[in-house]
Amino acid sequence: MSGNWVHPGQILIWAIWVLAAPTKGPSAEGPQRNTRLGWIQGKQVTVLGSPVPVNVFLGVPFAAPPLGSLRFTNPQPASPWDNLREATSYPNLCLQNSEWLLLDQHMLKVHYPKFGVSEDCLYLNIYAPAHADTGSKLPVLVWFPGGAFKTGSASIFDGSALAAYEDVLVVVVQYRLGIFGFFTTWDQHAPGNWAFKDQVAALSWVQKNIEFFGGDPSSVTIFGESAGAISVSSLILSPMAKGLFHKAIMESGVAIIPYLEAHDYEKSEDLQVVAHFCGNNASDSEALLRCLRTKPSKELLTLSQKTKSFTRVVDGAFFPNEPLDLLSQKAFKAIPSIIGVNNHECGFLLPMKEAPEILSGSNKSLALHLIQNILHIPPQYLHLVANEYFHDKHSLTEIRDSLLDLLGDVFFVVPALITARYHRDAGAPVYFYEFRHRPQCFEDTKPAFVKADHADEVRFVFGGAFLKGDIVMFEGATEEEKLLSRKMMKYWATFARTGNPNGNDLSLWPAYNLTEQYLQLDLNMSLGQRLKEPRVDFWTSTIPLILSASDMLHSPLSSLTFLSLLQPFFFFCAP
């Protein structure tokens, strides 16, 4: 990860290309651009309602394929190529259980082509207004997809509308997932966090190449949703990513979401599983790595279903310390940020994947039993949770609604607000939002009680209603929803351009200062103040104080103790 991505034999050739060859506009076969590794040729598309064509470059390599001896290592430089490289086909997905994507298409009312799946997946897609060329210096937005770090793809997100309407460059990045992105031996032989290091490599590629597509390497905004937002939040805290971006947007995810690290007993159990798989001693890290690098990728994908501890780790490189400690110590660069949540984060999508039975209703006893198992709160203190969330709720549907609100609070809202406060207190400009609109397209697929569910804002941010290619992100949008999408694209792009989302013809979005005002994103915009303040106080003051007086733990508890108590919920409400 030295950052030296230029093959020595390419330096002179590349310099000649820059001086001698035109890079402007599409050729008869498609737009061509040079990179430091060789020439690529993309395609040109248009979107609904905009006269601006967009140059699209798909499957651009930012690192070498992580195969064989490169499995479970830091991403390495991609090799240069001599001939014009075709960049009009979607890259393979990183290895994953692709059945989830089929389920998501139905649940999220989206459609996209069938993609291949491979370990050879470290590619990015670029969307640029056709007029953009070297010297244009347009703002760059780099998107990291979500999917619980287990599923996801760059190609299900089409940046064409955002690029056309807002005159920005959009880059969508793939990174290793699951065991391929996070396997670790918890020592120097395989320190882990490969997925995050892939993201650093992609940002390094952007710094070195995006100017040839018309982007400004000194104005890069990273953004993402769910696991992608967790990635953005993590990159802010990592010294490895220092200087590679300048602004950040976190949609429904931050680095202190609690499920992201494993218990010690889970680590030990999982190493035993891997050792048994390889026929090695679990203490021999080098032997385990040699074995795993020779195994077929599908066998490793199957193996990963038997493990749950291969997640984020404090490796001393990407994460020099726990994210919460880095935040509290202000050990990060204070850059402008947008942080936000939806008003029903665990309303349907997440529980539907893992525990659909609770959506039909829940009695108080069942709800409290589930909460006890999730939060590890001693039974004698469950009455506090009951009083906070269920004291005036009696029907099965009322209790269900409160349970879903509780889960959304614990896993999304409270961590997001805590993170916003840390960023604010470090001197960074912060803008907070709550997305509140339920898309009309879900009228026949989601129950009426569901409001703005997890991931619902994404189709608005990307202008899904204006796409007309083979990626369908927003069918059946109403005219009001199209207007909301235009406003949200404008907010995001204005922020990418200036570090402040406010602009002409947009409702005022105040900074998140000590008054804690925030923008309620809806068909009719409005301002709110101190979002869910009683619930934040409950989880950061009342519960930790009670638990610190109990015998369940042997060390003092901080006001954020609840963040470390929720890991068993990983497979229930993973973003």
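FYI, residue positions are counted from 1 along the chain as it appears here.
Glycine too: its Cβ is placed from the backbone N, Cα and C atoms.
Annotated active site, acyl-ester intermediate per Swiss-Prot: Ser226, in sequence order. Under the heading active site, charge relay system, Swiss-Prot lists Glu345, His454. The disulfide bond annotation in Swiss-Prot covers Cys94-Cys121, and the record cites similarity to another entry as its basis. Residues or ranges marked as N-linked glycosylation site in Swiss-Prot: Asn281, Asn363, Asn513, Asn524. Swiss-Prot lists 1-20 with the feature signal peptide, giving sequence analysis as the kind of evidence.
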Residue among recorded positions Ser226, Asn281, Asn363, Asn513, Asn524 with Cα closest to the Cα of Cys94 (disulfide bond): Ser226
By Cα-Cα distance, the member of recorded positions Cys121, Asn281, Glu345, Asn363, Asn524 nearest Ser226 (active site, acyl-ester intermediate): Glu345
Asn524 (N-linked glycosylation site) and Asn281 (N-linked glycosylation site), Cα-Cα, nearest whole angstrom: 61
Using Cα positions only, nearest of the recorded positions to Asn524 (N-linked glycosylation site) (Asn363, His454, Asn513): His454
10 Å Cα neighbourhood of His454 (active site, charge relay system): matching recorded positions from Cys121, Glu345, Asn363, Asn513: Glu345
Spatially closest candidate among Cys121, Glu345, Asn363, the listed recorded positions, to Asn513 (N-linked glycosylation site) (Cα to Cα): Glu345
